[in-house]
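So that you can see what the record holds, here are the features copied from Swiss-Prot:
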{"type": "CARBOHYD", "residues": "Asn4", "note": "N-linked glycosylation site"}
{"type": "CARBOHYD", "residues": "Asn17", "note": "N-linked glycosylation site"}
{"type": "CARBOHYD", "residues": "Asn30", "note": "N-linked glycosylation site"}
{"type": "CARBOHYD", "residues": "Asn33", "note": "N-linked glycosylation site"}
{"type": "TRANSMEM", "residues": "58-78", "note": "transmembrane segment"}
{"type": "TRANSMEM", "residues": "86-106", "note": "transmembrane segment"}
{"type": "TRANSMEM", "residues": "133-153", "note": "transmembrane segment"}
{"type": "TRANSMEM", "residues": "161-181", "note": "transmembrane segment"}
{"type": "TRANSMEM", "residues": "202-222", "note": "transmembrane segment"}
{"type": "TRANSMEM", "residues": "244-264", "note": "transmembrane segment"}
{"type": "TRANSMEM", "residues": "275-295", "note": "transmembrane segment"}
Amino acid sequence: MSDNITRSTALVTALENVTTLSPTTTQAINDTNITVPHKCLLLLYEDIGKSRVRYWDLLLLVPNVLFFMFLLWKLPSARAKIRVTSSPIFTTFYILVFVVALVGIARAVVSMTVSASDAATVADKILWEITRFFLLAIELSVVILGLAFGHLESKSSVKRVLAITAVLSLAYSVTQGTLEILYPDAHLSAEDFNIYGHGGRHFWLASSCFFFLVYSFVVILPKTPLKDRISLPSRKSFYVYAGILAVLNLVQGLGSALLCVDIIEGLCCVDATTFLYFSFFAPLIYVAFLKGFFGSEPKILFSYKCQVDEPEDVDVHLPHAYAVAKKEGMDSGFYSSTQIDTTAYLDDVALYALSCGQHQQHRQ
């Protein structure tokens, strides 16, 4: 009898212990089964301390602020160079780079100040799309203007190119924004805040592959038979620019493909490419195409003109895009020296103005 009582007591105690431990055990199991946000997803929405400022927004804000301050510092000399040359292409690029830096700053600041409400999320995504619109417009403009430099003769032709790129960029951004707002990607949601997903994994993959093919084709153009039929930019920086964007889109496409097959590590790839693109694309444009133009020292004051009256839509003397050397005796290598060869262009303008001034003095 005593043994039975002892066994019964032990059984009751064991059951009580199981009952007591069951909620804790269940909670631990539930915590394990809950999808813990990946560190690359956590980076996109985690706040700094108790503030509403996210690490991601701060990472994107700092480079844009620094670059904008640099543009302001260079503004006086840049305006002087633009007034001297009256080049619509360089003026347009400079304005677009300025706008991209401003929009990037505005997007980050607004995202830092809004709450996690649905309206704030939509506003944040719209700002992302506006930024993407300007970046893509510059992308397309650089490619088209770079490849068609030898065929652009007036301001009106440059305006037509910009209009076409604006329409294409708008169509892309509207499509991406519609997918992003109406059909958000569930894989890019965290807590009560839906992360900007660039139109979703599948749209991201398709667009990345498309742009990778475009930029890869631009890079290999000088190796194709087309080099004998069309004038190609020979400035190395043009192809370096295209190569960088090709690699960027390749990595972004691989990351998107991993996300499409539910491999969350792909998010780390697209995080890196997104940060590089939205933070350093505008500086890349400046270094590749505008640095030489604004940084070259003028050889002479450009205040002498041989002609006083000019028509309203005067031909623009654009820097020539020379064909890649392919004949005997033209030992210029694979990429030589002029895509948008701004230094040589300014030298030509200076020599032309100097010769005109000397001619007038001789006549007097």
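Yeah, the Cβs are placed from backbone N, Cα and C, and that goes for glycine too.
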Field: Interface present between the transmembrane segment (275-295) and the transmembrane segment (58-78) (three or more C-beta pairs under 8 A)
entry: yes
- prompt: Hey, which of 86-106, 161-181, 244-264 has the most Cβ-Cβ pairs under 8 Å against the transmembrane segment (202-222)?
  reply: 244-264
Message: So, taking each listed stretch (161-181, 244-264, 275-295) in turn and counting its Cβ pairs to the transmembrane segment (86-106) that are under 8 angstroms, which one gives the highest count?
response: 275-295
Query: So which residues does the transmembrane segment (244-264) touch in its own chain, when a touch means Cβ under 8 Å and the partner is 6 or more beyond its ends?
result: 38, 40-41, 139, 187, 201-202, 204-205, 208-209, 211-212, 215-216, 218-219, 270, 272-274, 276-277, 284
Query: When you scan the chain for residues with a C-beta under 8 Å from the transmembrane segment (275-295), skipping those not six or more beyond its ends, what do you find?
result: 59-60, 63-64, 67, 71, 74, 77-78, 81, 85, 87, 90, 93-94, 97, 100-101, 104, 131, 135, 138-139, 142, 237-238, 240-241, 244, 248, 339-343, 346
